[in-house]
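Listed in Swiss-Prot for this protein:
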SIGNAL    1-20  signal peptide
CARBOHYD  22  N-linked glycosylation site
DOMAIN    41-154  domain 'C-type lectin 1'
DISULFID  62-153  disulfide bond
CARBOHYD  91  N-linked glycosylation site
REGION    162-291  region 'Disordered'
COMPBIAS  198-218  compositional bias 'Basic and acidic residues'
CARBOHYD  222  N-linked glycosylation site
COMPBIAS  242-252  compositional bias 'Basic and acidic residues'
CARBOHYD  258  N-linked glycosylation site
COMPBIAS  265-283  compositional bias 'Low complexity'
CARBOHYD  279  N-linked glycosylation site
CARBOHYD  352  N-linked glycosylation site
REGION    377-437  region 'Disordered'
COMPBIAS  388-418  compositional bias 'Low complexity'
REGION    450-469  region 'Disordered'
COMPBIAS  455-467  compositional bias 'Basic and acidic residues'
REGION    474-504  region 'Disordered'
COMPBIAS  478-491  compositional bias 'Basic and acidic residues'
CARBOHYD  559  N-linked glycosylation site
DISULFID  653-678  disulfide bond
DOMAIN    716-828  domain 'C-type lectin 3'
CARBOHYD  765  N-linked glycosylation site
DISULFID  807-819  disulfide bond
CARBOHYD  831  N-linked glycosylation site
CARBOHYD  857  N-linked glycosylation site
C-alpha cells in the first residue's frame, strides 16, 4: 500500500518537479553596473550568451528571461557589444541581434527600420542580423535564421533599492512647484470688462468721425481739379480746329497736282510689268517643257546607275554585305538628288544658268520622287499579277530577257543623251540648244517605250521586246552618228563606269544617315540587275519607329511609347578602359542603370547558379576618372544607386555584382554597385546600344514592341516577351496571344522570372484578381506550359497563397501588402478576369518572325 501511494504521487507530481527544476530565473541587472552607455530603459543592461542557438530560439530565450534580443542598436552600443564579445564569445566569430526579415524587409523585431538597410538584399528570405566581434571588425551581416550563433539579450534595468516591482532606469523628471494664485471674484471681472468695452467703443466713434471729414475734403479737391481740366480741354480743341481748316485749304491744290503725277507713274509701271510678264510666261512655258523632259531623263539615268552600281559592288566589293537596304535607299536618294541633279542639270543649262537655283532644285527633286512613287506602285501591282498567273518556264525566261534588254536600252539611251549634251554644251547658240532638247526628248521617248514594253511583258513576246529595245538604240545612234549601226546592248554595261559615279555612290554610303532630300516619306526604287533573273525591285521607306535591337542582344520594352533598351553581356576579361573601347567598337557604350526596372533587367542577365557564381560581376559605365563626381559613359547623371556596404571608397570605376561576392565582409552583396580599381581585370563587360546609333547591322531578334531574353545567352533558349494590358479571362488571353503569333508566356527559371519581373512591375499594388496571366496550367493532373515546354527550374510559388487552382498569374507588386508575394506565381481561377496578359514566343530566324501553331497543351480545353 505504501509503495502504491508513492508511485501515484510520483506520477502525478513529476511534471511539476521537472518544471521547477528547468524554470529559468529572470535576469536582474542594476542600473549602470553592466552597460555604462545605457540611456534608455530598453538597453539599460545586456548580457552575451555563448550557447549557440538559432535566431528564433535565441529570441524566445531572451523573452523567457524578461528581456529581448538586442534591439535598435546604435553605433556606440554596437562597438560595446563587439568588444565584450571578444571576452565572452569563445567558439564563434559573430552573434545574433534582434533584427531580421522574417516579417518582410530587414527591420528591428519591435519595429523600425535599420540605419544600414542598404546592406541587405531585399529578395533574401529568412535572414537575421549578426555582428562580428570587434577583433575582426565589428561588421554587420545577414545570416540564415537557422544557423546557430551566440546572442546578446538586453534588459530593463532595476534600481539599487529595488523592491518587488522593477523600476525603469530613466525616471520621468519631477514637476516644478507652481505658487498658488488667488482667483479674482466674478463681480470684479465683470466691472473691468465693461469698462474696457466702453473705452473701445468711444475710440471707434472718434476714428469714424475723423475719417468722414477727411473724405469730404478729398471730394472738394477732386471737383476743383476736374473743372480746371475741362476748361483746358475746350481751349485746346478750339485752337486745333482753326489750325486744321487753314492747313487743309493750303494743301488742296498740292494734292491735286500730286494725284495726277502718281496716276501717270502707275500707268507706266503697269505697262512695263505686263510686258515683262508676257516675256517671262513665254520663257517659263518653254522651261516647263524642258524641265519635264529633264526630270524624266534624270529618273531613268539614276535608276540605271544604281542598278549597275549594285551589280558591280555585289560582284567585286568585299564589304558589300555590310550595306543594308537602308544604305542603298540613302544612296539612291543621294544619287538622284545630288550627282544627277547637279551634273546633268548644269550640263543642259549652260546657255541659261541663271534659272538654276535652290528653289528649282527642290521642286524638281519632289517631282522626281513623286514619279518614283508611282512607278513603285505600278511595279508592285505588276508583280502581284505575275505571281498570280500560271506562266510557263519559257514565258518566265522570255520576261527575264526582255527585262534585261529594256534596262540596257534605257541605260544606252541615257548615256548617249548625256554625251550628246556634253558635246553640245560648248556652243551658246539657240539652234544648238534646241537640237540638244530634241535629242533628249527622243532619248527619253525611247527609254519610256522600253519601260512600257517591260511593264506589259506578260502580254508580249520576246521578239517584240527586243525590237523595241533596238528601236530605242537606233534613235539615239541616228542622232549622234547617222551612218553608224546600233551597238550590242550587252556591250553598254561598261560605258557608264565613270569616276564621278563611284565617288557619288561612295559618298552617299559613307553618309548613309544624312540624306539630301527633305521628304520624310521618301520612297525610292532600287533595281538590282542579276544574270538570268528578273530585276529585284526593293521599295524601302524610312522607318517611323526606332530600329530594333541587334541580333542576340537583350531587348527590353517598357511600353509602346518608350524606346527599347538593348543590353548584352560579353564574357571577356578586361580592365575598365579596354571594356569602354570594346563597347564603343560594338556601336554602343558601357551600360547605364537609372531605375529599379533596369536593375531587375540586368540582374536577370547576370543571374548565375554555376560554379563561378561567386565571382560574377561586370563593368558598367559609372566612373569618376575625369571628374570628382560619378557620371556614366553616355554622359547621363548618377540618379540611381545600390552601393555595396561601405562603398564607394577611393576607387574610380564601378562594377555591377551578380551573386554574392567572395571574400567580402558582408552578405547581401547581390546586384549592387561596387567601386573597384580601373586597372583591375573583371571577367565580363556589360554593353548598351543606343537605338538609332548602333553600328551593328545584323538581323533583329524580336519584332517591334517585344522584349528579348535568353537565360544562357543562346538564341536556342531565347524568348520574346510582351505584356498586353487587356482585362481578359484565361481562354480570352489565349486568343490575345494567338493574334500576336505567340502563346501565353512561359517563365521556367530564375533568370526569366527576374526579366519578366521588370516587364510586369507596376506603380501600385493590386489584388490577387488584378495580376498578369502566364501560361502555367494544370491540364489533367500535372502543370505544363502553353508553348509545350515542360517543368520548372526554380520554386516560384507565393507563400501562403493557393496552388490548387488550374491557372496561374505572375504578380507585379505586393498583394495585400504581403512583401513575399512580389514577382511570384499565384494559382487562380481560370474564369476570373485578370488585368493583363504576358505573351511569349521564339525569336525570329534569319529575320523571319515566328508563326503560331497549336501545341498539345494550347489545344486543350481548360
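Placement of Cβ uses the backbone N, Cα and C atoms for every residue, glycine included.
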Glycosylation sites (91, 831, 857), the one with most neighbouring Cβ atoms at 10 Å: 857
All-chain count of other Cβ atoms within 10 Å of residue 153 (disulfide bond): 26
Those recorded positions, out of 62, 653, 857, that come within 10 angstroms of residue 831 (N-linked glycosylation site) at the Cα: none
Candidate nearest residue 653 (disulfide bond) in space, where candidates are the recorded positions 62, 153, 807, 857 and distance is Cα-Cα: 153
Least buried by Cβ count (within 10 Å) of the disulfide-bonded residues 62, 653, 678, 807: 678
Counts of helix, strand and coil residues, the domain 'C-type lectin 1' (41-154), according to DSSP: 30 helix, 38 strand, 46 coil
Cα proximity to residue 857 (N-linked glycosylation site), best match among recorded positions 62, 91, 153, 807: 807
Top Cα neighbour of residue 91 (N-linked glycosylation site) in the set of disulfide-bonded residues 62, 153, 807: 153
Distance [Cα-Cα, Å, rounded] between residue 153 (disulfide bond) and residue 678 (disulfide bond): 45
Nearest-integer angstrom distance between the alpha carbons (Cα) of residue 807 (disulfide bond) and residue 678 (disulfide bond): 50
C-alpha spacing of residue 678 (disulfide bond) relative to residue 62 (disulfide bond), in angstrom: 48
DSSP three-state assignment (helix, strand or coil) for residue 857 (N-linked glycosylation site): coil
In three-state DSSP terms, the structure that residue 678 (disulfide bond) belongs to: coil
